[in-house]
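Single-structure report; data block below.
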Amino acid sequence: MDLLDLLDIIGTFVFAISGALAAAEKRLDFFGTAFIAFITAVGGGTVRDLILGSYPLGWVKNIVYLNAIGIGFLCAILFRRYIISWRRTFSVFDTIGIGVFTVLGLQKALLLNVHPTIAVLMGMVSAVFGGVIRDTLCNEVPLIFHKEIYAMACLSGGVLFMILRFFDVNEPYVTISAVSLIIIIRFVAIRYQLQMRVWRYEEKK
Amino acid sequence: MDLLDLLDIIGTFVFAISGALAAAEKRLDFFGTAFIAFITAVGGGTVRDLILGSYPLGWVKNIVYLNAIGIGFLCAILFRRYIISWRRTFSVFDTIGIGVFTVLGLQKALLLNVHPTIAVLMGMVSAVFGGVIRDTLCNEVPLIFHKEIYAMACLSGGVLFMILRFFDVNEPYVTISAVSLIIIIRFVAIRYQLQMRVWRYEEKK
Amino acid sequence: MDLLDLLDIIGTFVFAISGALAAAEKRLDFFGTAFIAFITAVGGGTVRDLILGSYPLGWVKNIVYLNAIGIGFLCAILFRRYIISWRRTFSVFDTIGIGVFTVLGLQKALLLNVHPTIAVLMGMVSAVFGGVIRDTLCNEVPLIFHKEIYAMACLSGGVLFMILRFFDVNEPYVTISAVSLIIIIRFVAIRYQLQMRVWRYEEKK
């Protein structure tokens, strides 16, 4: 659980970097870039909490998320060249972030006693909606609507989580299995269909 | 009231189909299409409930809405050709859905003791905001901003509802009158200004 | 405080006009124009309140905001030519509106005991998010993402507010100083970088 919280913060940091890079690609200014980095990082969890009516929002309650975003934004600005050339490494963190966000979102929904299907949906929303808002604000059709593996990986992990939980598997194993499945699906998708791996800001060559 | 609930579910089903067809037109993938179908169907009610702070959201509380959307999505995928050629029939259901969503949204707002003008607005929001989010995510200026009859029909029905209610007309008559007015305005608009009837995915010929 | 409330209503009125003019520029119809005027005026405060979970929303509770928007919309329709030619004068009100929205948003957030950084962010969100939603619905990359002074002015005012408050300066002086700083930064930005002043509906010549 503590490890999940740490990964949640790291995921927020990584999502802020990926948001900032997407914004820089759109030639937004300094402020616009920070704004998009912020929305990409907290958008998914915020939409989930608004839907569930779960207040206060995580990033409003705990300032550490805002700090993680600020540091991520600075890293994106300062080390942009390096991050792009390390993007294979970076994508490992991005994928871990997706897995962690999905499971944390799902767990949060379950605490509120929603239907299992809703919980799985909320896990996916947590992981992907930041990117949906980022793309909409950048005036593009959201990336995940064209490249389904990203969201399908989250849904598969969520379903596995619910199945293992139904059979009373211990919580840590459930969590590790679900996060692992998401990561594996993503990596398999990346390896065998390279075009899905393509970064947003490279799609236009 | 029971009939209204049934019509609400049918409206959700029909809106999911119309969302899926709009998404297919934009060449979104399987996931993107399901996502847009979902947002089109629940977006209006969700925005209304977020504005009013009315938790839990209808589709979070009752899984039947999610099921209606899933079945609607499958119908859109499987029977796409038929739906498009039956679109005159289909538009009857779509229009009934708009009328029902308006009245249900208005009633929900009134239960929360808001100002009558706010209630009328919330009725319209319930009926049209799913389409606004659908168009925004599909990267288009929302359709209802160009073709006013759609929203004006909802507002007219809402105003009639409030007037009849003010004169203590029995609830069932108020509901039937308001829904009927919305349907009539829409059909008159369709008959006399055919271009307003045009389906989204045909506008570009 | 009473003066702030009055300025809040005037700010709502002015934002409705600026939203209506932006919508007219996009050739939206009567309804679409009213809708965009409404969203521009209440969008920022609504997003802030959704994030903070502060219900009921200001414009839902007090119908005066809806009236201010209605009158603003009518003024924009009726006096469009005059407003455009008076736009130097009009921008004074717009700028005052931004300052007032920032400080009111910040104060509302502080009442809910959030972290000072969150409060400053909420002040900025109150002032700029109406415009972000307006631009997104009009299918454009939000203006403030290209022209940073607008949002930076709000952030600077918010930071000054928190600093003066930390040193126990009297509330009225804190408020006046923060609003003044925002207005001054905006006017300096307008004077020395004229392109940032450019109105939305003139950018395309």
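Glycine residues also receive a Cβ, built from the backbone N, Cα and C atoms like all the rest.
Annotation source TrEMBL lists transmembrane segment at C:6-23 (among others).
The domain 'Glycine transporter' annotation in TrEMBL covers C:6-80 (among others).
The transmembrane segment annotation in TrEMBL covers C:30-47 (among others). Same-chain neighbours of the transmembrane segment (C:30-47): 12-13, 15-20, 22-24, 57-59, 65, 68-69, 72-73, 76-77, 101, 105, 125-134, 137-138, counting only residues six or more beyond its ends whose CB sits under 8 Å from a CB of the stretch.
TrEMBL lists C:59-79 (among others) with the feature transmembrane segment. Proximity of distant same-chain residues to the transmembrane segment (C:59-79), defined by a Cβ-Cβ separation under 8 Å and at least 6 residues beyond the stretch ends, is recorded for 9-10, 12-17, 20-21, 24, 33-34, 37-38, 41-42, 45-46.
For the transmembrane segment (C:91-112), the residues of the chain that approach it from at least six positions outside its boundaries are 4, 7-8, 10-12, 14-15, 18, 44-45, 48-49, 52, 54, 118-120, 122-128, 150, 153-154, 157-158, 161-162, 175, 178-180, 182-183, 186-187, 190, 197, judged by C-beta separation under 8 angstroms. Look at TrEMBL and you will find C:91-112 (among others) tagged as transmembrane segment.
Residues or ranges marked as domain 'Glycine transporter' in TrEMBL: C:92-164 (among others).
Per TrEMBL, transmembrane segment is recorded for C:118-137 (among others).
Tertiary proximity for the transmembrane segment (C:149-167) is limited to same-chain residues at least six positions away from its ends with a CB under 8 Å from its CB atoms, namely 98-99, 102-103, 106, 116, 119-121, 123-124, 127-128, 143, 173-175, 177-179, 181-182, 185-186, 189, 193, 196. Annotated transmembrane segment per TrEMBL: C:149-167 (among others), in sequence order.
The transmembrane segment annotation in TrEMBL covers C:173-194 (among others).
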Intrachain neighbours beyond the transmembrane segment (C:118-137), with Cβ under 8 angstroms and 6 or more residues off its ends: 15, 19, 22-23, 36, 39-45, 47-48, 51-52, 97-99, 101-106, 108-110, 143-144, 150-151, 154-155, 157-159, 161-162
Local confidence of the domain 'Glycine transporter' (C:6-80) - pLDDT mean: 89
For the domain 'Glycine transporter' (C:92-164), the number of residues DSSP places in helix, strand and coil: 61 helix, 0 strand, 12 coil
